[in-house]
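Below: one structure, written as structure tokens.
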Amino acid sequence: MRECISIHVGQAGVQIGNACWELYCLEHGIQPDGQMPSDKTIGGGDDSFNTFFSETGAGKHVPRAVFVDLEPTVIDEVRTGTYRQLFHPEQLISGKEDAANNYARGHYTIGKEIIDLVLDRVRKLADQCTGLQGFLVFHSFGGGTGSGFTSLLMERLSVDYGKKSKLEFSIYPAPQVSTAVVEPYNSILTTHTTLEHSDCAFMVDNEAIYDICRRNLDIERPTYTNLNRLMSQIVSSITASLRFDGALNVDLTEFQTNLVPYPRIHFPLATYAPVISAEKAYHEQLSVAEITNACFEPANQMVKCDPRHGKYMACCLLYRGDVVPKDVNAAIATIKTKRTIQFVDWCPTGFKVGINYQPPTVVPGGDLAKVQRAVCMLSNTTAVAEAWARLDHKFDLMYAKRAFVHWYVGEGMEEGEFSEAREDMAALEKDYEEVGADSAEGDDEGDEY
């Protein structure tokens with residue numbers, strides 16, 4: 001089996017975790033108490049969903065997941081919520097005092113008290129796996145736990161499980177709206193620390209999802225529940241190939257092989273289509289060509305940046321539902337003729353396709369319409385550098401005046417770590433710039449063809 005362990009860190013991670021596991025349960029027909037009425041084989045069934053759920057002797061399905069937060073309130077909601085019977089109590093780990101939006105608290109002071117307990121739980125989950133494939137880590141960049149504790153955890157996971165892939169789903173600070181003043185500090189510190197430990201990080205920014213909810217679903221004032229449900233659809237599409245059988249299945253390592261041209265350039269953009277409300281879906285025929293086109297619209301992306309200014313290095317299209325390869329090939333051929341979509345010159349083919357016959361499931365009473373087919377596009381584009389540049393600029397403005405730095409130093413960090421992290425980010429921006437530059441400039445390599 002190719003099992004995956006999900007680790008949800010901090011408030012953002014835990015709440016996205018709630019949305020994701022709710023959706024997985026609906027997709028697999030697992031009830032909130034972990035029973036699966038349709039499943040006849042109790043015990044070691046090697047159905048695909050066993051990559052995400054382990055089965056007890058009593059026929060109960062338990063998520064292979066750990067929820068961690070340094071303060072109790074958010075995890076207490078899981079402990080008392082609808083799915084409280086789904087999780088083993090030891091999978092829900094909460095501390096006593098939170099990281100107070102402070103990377104240093106999450107990484108050094110408070111984080112180190114709880115890290116061994118967390119690794120212990122992860123080890124227990126890993127021991128139940130026959131062939132652990134890797135970890136999915138959900139967190140935000142801006143929070144103290146999400147940034148500080150995640151980076152500590154990633155470092156330790158690299159030590160304990162060196163070769164296993166680690167994928168991140170990170171909530172990137174939105175350009176306009178902000179949940180914390182020190183977000184730029186936390187984001188840059190955590191990116192610097194986890195850069196060498198993470199194999200692939202899917203970034204999502206809240207503002208982009210707000211706009212999608214407002215524009216496509218006509219929700220005037222989207223709540224975090226709306227955002228998380230939309231996000232869980234994306235996570236579900238990315239992991240669908242691990243949980244269901246399909247025509248072209250994609251596993252975790254396959255993503256990395258196809259999306260990450262250089263180890264540092266591992267921040268693909270996610271785009272999902274169709275995001276459409278039930279009233280509208282009733283009147284629309286969403287063909288494969290239409291939803292594929294929608295993926296290349298900047299408006300449907302999960303991070304605010306404009307790929308029309310950047311170049312694509314690689315692109316994964318993950319279809320699910322009623323989709324046949326012929327339609328996909330036709331849709332991709334059409335896209336390749338469009339001049340607005342530019343690939344770097346050293347990557348001529350650029351499209352990887354996965355097809356899964358399980359149609360997308362929606363949460364009853366949610367905002368998304370039930371559709372026959374959907375697609376999630378993961379693209380590695382140089383436009384992500386815009387997002388980094390924006391963040392670096394905010395960091396510079398604050399750091400020039402050393403604003404708020406004393407909170408970090410007071411928790412045992414050194415000021416040198418800030419400048420070191422900032423230099424690393426500058427290098428990352430430079431890397432993106434170089435990757436996008438044409439390879440044949442100035443030298444006569446073109447003669448061989």
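Easy rule for this one: first residue shown is 1, then count along the chain.
In case you wondered, yes, glycine gets a Cβ from its N, Cα and C as well.
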Next on the checklist: Tell me which of 72-92, 429-449 corresponds to the region 'Disordered' entry in Swiss-Prot.
Outcome noted: 429-449
Checklist entry - Which one, Asn50, Asn206, Asn216, is listed by Swiss-Prot in the same GTP site as Gln11, Glu71, Ser140, Gly144, Thr145, Thr179, Asn228? => result Asn206
Checklist outcome for this item: Matching 1-4, 13-16, 133-136 to Swiss-Prot annotations, motif 'MREC motif' lands on 1-4
Item to check | Surrounding CB atoms that lie within 10 Å of the CB of Tyr432 (phosphotyrosine), all protein chains | outcome: 24
